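**Q** Here you go, one structure.
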Protein chains: 2
Amino acid sequence: MELLKNRILKDGKVSEGGILKVDSFLNHQIDVALYNEIGKEFKRRFADEKINKILTIEASGIGIACVTAQYFDVPVVFAKKSKSKNLDGDVYTASVESYTHKNTNQVIVSKKFLSKEDNILIIDDFLAKGKALLGLIEIIKQSGASIAGAGIVIEKGFQTGGKIIRDMGIKLESLAIIESMSDTGLTFRE
Amino acid sequence: MELLKNRILKDGKVSEGGILKVDSFLNHQIDVALYNEIGKEFKRRFADEKINKILTIEASGIGIACVTAQYFDVPVVFAKKSKSKNLDGDVYTASVESYTHKNTNQVIVSKKFLSKEDNILIIDDFLAKGKALLGLIEIIKQSGASIAGAGIVIEKGFQTGGKIIRDMGIKLESLAIIESMSDTGLTFRE
């Protein structure tokens, strides 16, 4: 997606420890017009799938999923990262290690909102080692729902997550795949 | 907002400890069509304000803020609940006690994304004791930005937050204000 890649080149910053900061437009301050273009592109890439629900994970996946859901005309479910007393005990759960925050969360989805009749599109902002995505896949498998695919805004192609997910036979569409990244710049996979 | 009140009556559930569960359409599973109607209603209620940015707080405010932002044609900034290594040290910060989760978080916004030129609309899903909203107001004050108002989806009118915020002279628009709530039902403020 050229619009996105150009925006990453213009406003993204690589900081110490291999973190790509896109917080001026993607995951702290949000350019909602860009989210709309992202949503349209996900719809184009998954146009052939009969998706009836989008699953994402808090926090930064939620906005992208909601704007994207407008193009699919389906509800969003977001997985929560800690057990809230607002949730029933009746939940699907998976453990997810966070690369960014260096901790492990229990990720939960109420059993009310996923079932074997569902065909799910997973949406998230980043894919690196794939921990969050694997957690969501685990939760979908527990529910017996089908996985239509996964739509990711930015994939770090030099990390292992993309290969792991594609090797599972899951249709993975990343709108920008970063091939290499350093203080002096970044390149995208063609 | 009648559509919202009817939906709360139809699908909301009051559980032990005075928690109103609206997780089937508002803050776990999300009816994005309803979010659109909520966004339009916020635009109607703040039509006279020259808003240039929406501020919300993770996690469940983000989706509502993003869909609402489409009607204002402005970016969203969401406050984060813990210090991520993706953020600069250069942040505005406030302490926020969570009624739901029974803990206290540091809430932070990068100084890059709020300034004294901004006129901010705050958006959130719930208002009860007002802790989250007061944290966001504190952060806006640190930045020198103006507060155009606050748009809340569901206010618990029998708790103190609404009065505190209105007594500060802030324009507070809640789309449904719950007057009373028990196992046997709930009533709205007219």
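Using the three backbone atoms N, Cα and C, a Cβ is placed for every residue, glycine included.
Below are the features I grabbed from TrEMBL:
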BINDING   A:LEU20, A:ASN27, A:LYS156  xanthine binding site
BINDING   A:ALA128, A:LYS129, A:GLY130, A:LYS131, A:ALA132  5-phospho-alpha-D-ribose 1-diphosphate binding site
DOMAIN    A:33-163  domain 'Phosphoribosyltransferase'
**Q** Tell me the coarse DSSP state (helix, strand, coil) of A:LYS156 (xanthine binding site).
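**A** In the DSSP reduction, A:LYS156 (xanthine binding site) maps to strand.
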**Q** Express in Å, rounded to the nearest integer, the largest CA to CA distance found among the xanthine-binding residues A:LEU20, A:ASN27, A:LYS156 named in the record.
**A** 16
**Q** Starting from the Cβ centroid of A:LEU20, A:ASN27, A:LYS156, the recorded xanthine site, name every other residue in that chain with its Cβ within 8 Å, sequence order please.
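**A** In sequence order, the nearby non-listed residues are A:GLY12, A:ILE19, A:LYS21, A:VAL22, A:LEU26, A:ASP125, A:PHE126, A:ALA128, A:ILE154, A:ILE178.
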**Q** Under 8 Å Cβ to Cβ from A:ALA132 (5-phospho-alpha-D-ribose 1-diphosphate binding site), same chain, six or more residues apart: give me those in sequence order, or none if nothing qualifies.
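**A** Looking at Cβ-Cβ distances below 8 Å from A:ALA132 (5-phospho-alpha-D-ribose 1-diphosphate binding site), excluding near sequence neighbours, one finds A:ILE57, A:VAL96, A:SER98, A:VAL107, A:ASP124.
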**Q** Measuring CA to CA, name the entry from the binding-site residues A:LEU20, A:ASN27, A:LYS156 that ends up nearest A:ALA128 (5-phospho-alpha-D-ribose 1-diphosphate binding site).
**A** A:LYS156
**Q** With every protein chain in view, how many other Cβ atoms are within 10 Å of the Cβ of A:LYS131 (5-phospho-alpha-D-ribose 1-diphosphate binding site)?
**A** 20
**Q** Residues with Cβ closer than 8 Å to the Cβ of A:ASN27 (xanthine binding site), same chain and 6+ apart in sequence?
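**A** In sequence order, A:SER60, A:ASP125, A:PHE126 meet the Cβ cut-off.
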**Q** Give me the CA-CA distance between A:LYS156 (xanthine binding site) and A:LYS131 (5-phospho-alpha-D-ribose 1-diphosphate binding site), in Å, as a whole number.
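**A** Per the Cα atoms, A:LYS156 (xanthine binding site) and A:LYS131 (5-phospho-alpha-D-ribose 1-diphosphate binding site) stand 13 Å apart.
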**Q** Distance between A:LYS129 (5-phospho-alpha-D-ribose 1-diphosphate binding site) and A:LEU20 (xanthine binding site) at the Cα atoms, whole Å?
**A** 14
